[in-house]
There are 4 protein chains.
Amino acid sequence: MADLAEVVAAIAARGAEATDRGRVADYIPELAKVSAGHFGIAVVTAAGAEHVAGDADTPFSIQSVSKVFALVEALCRHGEGVWDRVGREPSGSAFNSIIQLELEQGRPRNPFINAGAIAVSDLIAASCEPGAAIGAILARVRALAGDDSIAVDAAVAWSEAVTGYRNAALANYMRSFGTIAGPVDATLSVYFQQCAIAMSCRQLARAGRFLAAGGVQDGVVIVSPERARRINALMLTCGHYDASGDFAFRVGLPAKSGVGGGILAIAPGRASIAVWSPGLSPQGNSLLGTAALEQLAQAMGWSVFNPDL
Amino acid sequence: MADLAEVVAAIAARGAEATDRGRVADYIPELAKVSAGHFGIAVVTAAGAEHVAGDADTPFSIQSVSKVFALVEALCRHGEGVWDRVGREPSGSAFNSIIQLELEQGRPRNPFINAGAIAVSDLIAASCEPGAAIGAILARVRALAGDDSIAVDAAVAWSEAVTGYRNAALANYMRSFGTIAGPVDATLSVYFQQCAIAMSCRQLARAGRFLAAGGVQDGVVIVSPERARRINALMLTCGHYDASGDFAFRVGLPAKSGVGGGILAIAPGRASIAVWSPGLSPQGNSLLGTAALEQLAQAMGWSVFNPDL
Amino acid sequence: MADLAEVVAAIAARGAEATDRGRVADYIPELAKVSAGHFGIAVVTAAGAEHVAGDADTPFSIQSVSKVFALVEALCRHGEGVWDRVGREPSGSAFNSIIQLELEQGRPRNPFINAGAIAVSDLIAASCEPGAAIGAILARVRALAGDDSIAVDAAVAWSEAVTGYRNAALANYMRSFGTIAGPVDATLSVYFQQCAIAMSCRQLARAGRFLAAGGVQDGVVIVSPERARRINALMLTCGHYDASGDFAFRVGLPAKSGVGGGILAIAPGRASIAVWSPGLSPQGNSLLGTAALEQLAQAMGWSVFNPDL
Amino acid sequence: MADLAEVVAAIAARGAEATDRGRVADYIPELAKVSAGHFGIAVVTAAGAEHVAGDADTPFSIQSVSKVFALVEALCRHGEGVWDRVGREPSGSAFNSIIQLELEQGRPRNPFINAGAIAVSDLIAASCEPGAAIGAILARVRALAGDDSIAVDAAVAWSEAVTGYRNAALANYMRSFGTIAGPVDATLSVYFQQCAIAMSCRQLARAGRFLAAGGVQDGVVIVSPERARRINALMLTCGHYDASGDFAFRVGLPAKSGVGGGILAIAPGRASIAVWSPGLSPQGNSLLGTAALEQLAQAMGWSVFNPDL
């Protein structure tokens with residue numbers, strides 16, 4: 001078994017030097033301002049040990065990685081009733097595609113595509129006081145990361161809101177079928193704000209640790225072991241939009257990516273891992289982040305498909 | 001940890017008694033003749049120990065489970081070049097859908113939907129003497145199962161050929177894009193015959209054992225450990241057609257189902273498992289077989305998402 | 001040649017007595033209040049003679065029939081530049097489908113499906129003072145009908161606005177591609193109001209008369225003869241959503257239907273015809289209105305495909 | 001009114017000199033051999049007068065124009081029962097798209113897209129002795145053109161058959177739904193041969209004359225006046241695949257194009273018109289042929305949307 005600290009350091013060194021760094025997302029103007037030069041990694045073991053390297057303490061926009069935490073929040077509030085609104089299948093189409101919604105009567109295929117995440121935001125809002133949903137999600141993230149300084153980046157949230165026409169199309173379309181029940185604008189506001197939460201790799205890896213540890217964090221049951229397994233299953237099959245199959249093939253870990261360049265990956269029983277590099281692959285996932293996770297999983301033998309003989 | 005033999009016996013008892021047994025596939029006339037009353041299970045551990053119960057030694061039509069063995073054969077013949085022809089992503093549509101092929105210029109999304117499997121059959125045929133491809137696949141299956149009595153059920157193959165218009169549509173469509181290169185009829189003949197291979201649960205579980213053991217079976221390297229991991233990843237993300245996400249969510253094991261009612265599941269490092277019950281869910285997967293695997297994975301803690309703390 | 005007055009009277013008699021009257025639209029609550037018992041018809045010849053029968057002077061919600069007048073207004077303001085925003089092809093899908101928009105990068109196929117009409121409303125708004133677009137459309141309709149009493153039914157407009165989530169989805173989706181350029185809410189407001197214009201059959205037939213007369217009405221050139229022909233062509237190929245082919249097959253006249261149960265049909269060189277009966281076919285077109293037009297075209301030999309030998 | 005002979009001569013002169021001639025179809029190898037330099041036009045009036053110019057007596061492959069004659073043959077054999085198998089709506093997609101077939105359970109939208117025409121060929125074959133269907137279609141064409149020398153170009157038919165994988169996909173797909181009932185290979189053979197019928201502009205215009213004359217040719221009733229109108233309606237809404245709307249908009253005549261570069265157009269009550277120039281537009285319709293028809297319709301005032309005031 002390789003030494004984790006050495007592996008993390010070597011990956012960060014490679015990440016800092018890489019010349020092909022992908023392309024920073026530009027469809028949200030505020031995100032386009034981030035330099036492609038960043039690379040950070042943080043590994044927090046199930047037991048709590050931390051190994052970080054590179055820009056591991058620089059906050060970035062977690063974007064769709066937030067969908068994992070919003071799902072946890074919704075499951076805690078609504079239990080398995082969440083699945084009345086969203087499915088659990090890979091979508092077979094782009095993260096913001098609306099075709100599937102029309103073919104399947106307004107029901108999004110899973111909670112990690114945009115439509116599904118908007119439906120989840122709406123579910124959370126339904127069980128909160130007006131305006132309190134984003135607070136509930138943020139409180140959840142802060143508690144999991146053990147860090148009350150985590151906040152929504154208002155400039156990013158605003159930037160998304162004023163350019164988020166496709167998300168508004170998805171929300172209105174679902175509203176016409178009753179998949180979302182609340183006011184469209186309010187639901188979208190929750191969604192845009194949750195996507196704009198800013199966290200560092202270290203904070204993100206800490207926040208995901210319970211998923212590597214059977215749902216428990218420092219003795220507190222966040223979710224049941226079964227629910228932790230299931231969230232990991234969803235991350236594996238649906239966590240990288242229409243590149244989920246390839247990520248499972250190459251890396252073999254449950255993970256959720258965001259267009260801010262962050263990825264949260266879980267090695268069940270081993271560690272929670274966060275990587276960040278803003279340059280994206282054509283499919284919209286962090287190019288160096290994916291490569292880093294492939295190297296880490298390979299070096300440590302952490303693929304869930306590894307037989308551990 | 002539960003006792004494996006007891007768990008297997010209990011599952012078989014439940015499988016024998018179940019009243020809601022699903023619906024036997026009727027679109028292939030020969031398959032419609034099989035009684036829904038059957039239930040078999042075989043678990044072969046990575047080390048080679050066997051636990052069987054119910055109709056574990058009754059041969060059945062493995063149908064799409066054969067796609068795993070054909071993929072192995074194609075990978076051994078063409079290496080990673082296989083992925084020039086087929087993708088590695090969940091399809092997001094039905095097993096026999098042709099829409100995706102038109103939207104993506106004739107390239108099937110993965111080797112486990114019909115279109116992808118036909119492309120894989122074509123690749124195998126391209127590296128064989130004329131007419132020898134089905135022999136190569138059969139030889140592969142016999143060697144893996146250690147049983148030369150395994151054979152193609154000619155009546156089933158014929159039944160599929162004379163009713164296989166949608167598969168013929170898929171094949172001709174791909175031929176127009178060059179995704180398959182050989183004569184359409186010859187390629188379809190290989191495909192229909194491989195689907196008509198008859199095996200028992202015991203034979204099937206034995207044949208899949210290398211996938212639970214890092215690619216090695218009785219000291220022989222069938223595929224590299226990396227390739228074994230990757231095949232398992234594909235089975236997890238794509239093995240149950242458009243119910244793959246739900247299977248991962250509920251069971252958490254790489255698996256491939258067939259409309260004959262069989263499922264081959266892999267618990268990496270632990271065991272190769274074959275279940276058989278001909279009644280299907282609406283999505284086309286064995287109803288009792290899926291339930292049995294859910295019970296087994298739960299009882300033994302074998303989900304790949306289990307942290308094994 | 002049959003006598004027009006007699007034909008009109010006979011059709012109205014049949015329309016009043018029919019027992020199978022279709023189903024009144026209920027997706028806009030305000031429209032659902034209208035009785036299915038109404039039937040009106042008005043024929044205004046190219047020369048200006050009028051033949052009316054039944055409820056020909058009862059105002060109803062013209063809904064999508066308004067798309068013809070909005071197109072005329074947009075063509076007068078932007079000329080052939082309109083076709084940079086919308087196509088001229090039948091859609092091959094439902095009036096409110098969004099799939100085509102995704103497959104064709106946000107460009108609606110024609111100005112008579114909802115998406116295309118919203119894009120036309122946006123074009124009109126772009127060349128008006130803020131808030132003045134609906135006034136311009138209404139002024140156009142009043143001038144064509146020669147009747148300043150024509151107005152927007154505010155209750156219907158409001159009813160559409162508060163339930164118009166699918167139209168909001170279409171508008172937001174197009175806004176993301178730049179097909180509409182103005183504020184989404186403002187554009188939708190124009191669209192909902194134009195659909196809520198209330199007119200009687202007599203007013204509607206008068207307003208369409210220029211299309212039967214080469215673009216000229218009472219000596220005034222509304223549009224050029226070529227443009228009149230082209231608008232008629234669009235009405236024939238696209239005027240009944242996904243039942244346009246069948247309408248051309250059965251009736252053979254350019255026409256535009258609305259879910260309020262009205263249809264405006266043009267017999268070039270002969271007459272402008274308006275029929276109204278609120279009950280709809282499953283495809284969303286007035287059941288008795290379509291039948292009436294089929295009888296009229298047959299009796300008078302007015303199909304554009306008639307050789308007039 | 002312009003002088004028809006002069007108009008035809010002027011159009012042919014322009015057609016001979018044009019420099020932008022489009023691109024000759026190359027997906028059927030035999031068609032790719034034809035020179036783009038050809039241009040022919042033949043106008044046969046309803047009364048039988050003929051005006052021809054350019055390469056009006058050179059035979060070319062009529063390809064999809066044959067679908068009009070096959071439809072006539074099927075209607076004469078099966079009456080309105082034809083519409084149980086195929087629809088009457090524009091497809092909204094490419095001539096060889098298979099997506100619509102999956103979304104609408106194997107029923108083609110109209111008889112002029114490939115799938116619909118194959119279904120029509122199958123219907124004709126069902127009412128003939130084995131092997132006699134192509135003979136029946138050819139006899140129909142010869143009788144309408146009054147010319148027994150018209151024949152199938154065997155080299156073209158063969159060229160289509162050996163490369164016709166997408167048509168084979170469509171046929172097999174429809175066979176799986178029962179839309180075609182006969183042996184797939186036999187049906188495709190009829191279809192490929194009918195498309196390979198070779199005719200000159202003069203022969204083609206003669207053969208279409210009954211459609212300009214209310215179904216009657218030289219005193220013989222070929223089809224009823226109503227059926228003639230309806231076939232013309234179908235040609236207008238569906239005759240140019242996914243460019244039908246634009247053709248109606250620009251030309252305003254019922255017409256059917258073929259990838260051989262021929263177009264048959266009907267001016268009801270006036271004339272049957274055939275044009276031929278092998279170079280195609282990106283949508284697959286004769287570039288110069290379409291322009292010629294636009295000029296002719298404009299010069300003669302023959303658009304069906306012309307008010308003839």
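Every residue gets a Cβ built from N, Cα and C, even glycine.
Marked as substrate binding site by TrEMBL: A:Ser64, A:Asn114, A:Glu160, A:Asn167, A:Tyr191, A:Tyr241, A:Val259. Taken residue by residue with DSSP, A:Asn167 (substrate binding site) is part of a helix. Sequence-distant neighbours of A:Asn167 (substrate binding site) (same chain, 6+ residues apart, CB-CB distance under 8 A): A:Asn96, A:Asn114, A:Ile118, A:Glu160, A:Leu188, A:Tyr191, A:Phe192.
Cβ packing within 10 Å was compared across the binding-site residues A:Tyr191, A:Tyr241, and the lowest neighbour count falls to A:Tyr241.
Between the listed binding-site residues, namely A:Ser64, A:Asn114, the fewest other CB atoms within 10 angstroms of a CB are found at A:Asn114. All protein chains considered, the CB of A:Glu160 (substrate binding site) has 24 other CB atoms within 10 Å.
Its Cβ taken as reference, A:Val259 (substrate binding site) is surrounded by 24 other Cβ atoms within 10 Å in the chains shown. In this structure, A:Glu160 (substrate binding site) is part of a helix by DSSP.
In the three-state DSSP scheme, A:Asn114 (substrate binding site) is classed as helix.
In the three-state DSSP reading, A:Ser64 (substrate binding site) counts as helix.
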